Each structure stands twice: as C-alpha cells, then as structure tokens.
Amino acid sequence: MLKQRTIKSIVKTVGIGLHSGRKIELTLRPAAPGTGIVFSRIDLPTPVDIPASAMSIGDTRLASVLQKDGARVSTVEHLMSACAGLGIDNLYVDVTAEEIPIMDGSAATFVFLIQSAGIEEQNAPKRFIKVTKPVEIRDGDKFARLDPYFGFKLKFSIDFRHPAVDKTGQELEVDFANTSYVREIARARTFGFAHEAEMLRELGLARGGSMDNAIVLDEYRILNNDGLRYDDEFVKHKMLDAIGDLYVVGHPLLASYTAYKSGHGLNNALLRELLAHEDAYEIVTFDDPQAAPKGFAFDAQTAFA
C-alpha cells in the first residue's frame, strides 16, 4: 500500500520571526500515523497543540494563521508547503513564538530540515482527498478553483503591474507528475515592495523582514544584489504558498487547482467550500502504490520527484 510518512528523528533550528523580528526556536518531531501536522506553542505557560486544519485558519491578511483557544501560530504556509512537497503526513511542530520563523523566505530550509531528519514510511495507508466535483470561490476579479484530476496540478496567474515582475512571467502551470517540487518550487522566496515594508513596520509588523528573507522591489527594479533564483520566482512563490495553504486541509489533494490573484484568504475559503459539500470529494487510499498518480509513488526521500 501507499503509506503515510513522518520524519525519522527530531530536528531543530533557530530563525527570525518575519513580523516580530524575534529569535524563534523550531523543533520538528516524528508523529504517529493519523496524527496529521500539529503545531505546538511550547512557550506558553500551558502548551497548546493546534492541529493544521482548514477550519483552524483565522487571520489571512498577511499569512495563514492557525488559531485555537486564544493561541495562534502565524506564517505556517511555507512549512506546510514543504510537508506537502515531501509527502509528510504526520509531524509535531514545536515553536517558541506565535509565528514560524521566516528563514530565507522560501520553503527550502524546511525541505532541508525534513530531509536531514530522514523520512520514514509508516504502517498505515496514506489518505487522499479526491475532488469529484468542481468547486470555485470568487472575490471580485480574483478566483480559486478545484476540479477533478487524477494527480495534483496547479495553474496560477498573478497581476503585478511592475517592470521587474512583467519581465519574469505572470502565469505558471505545474503538474507534479513530471515536476520536482524540491528543484522547481521550494526555493522561491516571498516578495514585497520597499514602501509597503515601511508602512508595515510603522504598524509593528515585518520587523524581521529584510533582503535576507525576501525579494524586495522599489518602483522599478529588484533591490537584492543576488537577483532571482528562478526566472519566474514571483509566480512560483505564489504557487508555493498555495500548496501550503491547501495542505492544511489535512491530506494531499487529488485535484487540479486554478487561481487568478488568489491569496491565503481565498485559498482557505476554497477549502471550506470543498468541505461544505460532501458530494464534492471522497477519501481514497491506494493498496498498490503503482496505482497512485505519478508523483505520489515516490521513494523515501522525495515527493513529486
């Protein structure tokens, strides 16, 4: 059977919070089959476990924020994206603040941590959410949509009227049957505009933001000396975010995702719309790994390879 996966050993790192600017300790621990991805605020007087789920997402203005009993963990999307890309079903994430450290602004550090810990198959079937009917959410000209598809495919379009973004491409389509998440998506960094960063700092946000963890643009150009990691890094990062946003549903999706100018809020609304219609999806497993869509029958170290 196609099995669930966790990590083999505990792994730790330290990083800076994007919004707080504080040093944050992050620990990833193996979890039993059926656990899911569980974030734990170990800095609180009484630690609070917050399982990743579509219904636990609260604030989505600047990131995907998990909330439970007054506790919150912000900026979970990059780590969730890495878990999706490496096929991790079960994991404990211990964190000493209310946000996941931003690291380099991509999912690459989290991929490295998980691969360093080692990936272990577990004696339980991997459960997929198979979309059986189209589901769509719109907000003005923005939309996000899921269609039935035997695999995992994404098409994302952005619309940033900026010379540097225009030159790199505003649309990307990826089918993970023939695309490596680790090589083609994981290293794409978050991006922002210098004038917006100043406004956020005045509001007490983005205190940890810098060119070490984001692509920063002025009105005309990219300010980072090292330029871009991918020719189309902007739209690839939006896709990286979407993969993480969708993975909070609790299982990998078998679906085609299409989006125009979507963000954390619309992605979460799409998941809630899907879950609200029980006839739009079913839970499936694969007794024969070779019967699973290409890209999911991966080896022990890579997914979507």
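The backbone N, Cα and C atoms fix where each Cβ goes, and this holds for glycine too.
Swiss-Prot names His237, Asp241 for binding Zn(2+). Of His19, His78, the residue it gives for the same site is His78.
The Cβ of His264 (active site, proton donor) has Ile57, Thr60, Arg61, Ala63, Ser64, Glu77, Asp241, Asp245 as same-chain neighbours under 8 Å, each 6 or more residues away in sequence. Excluding the listed site residues His78, His237, Asp241, the same chain places Glu77, Ser81, Gly105, Ser106, Ala107, Ala188, Arg189, Thr190, Lys238, Met239, Leu240, Gly244 with Cβ atoms within 8 Å of the centre of the Zn(2+) site Cβ atoms.
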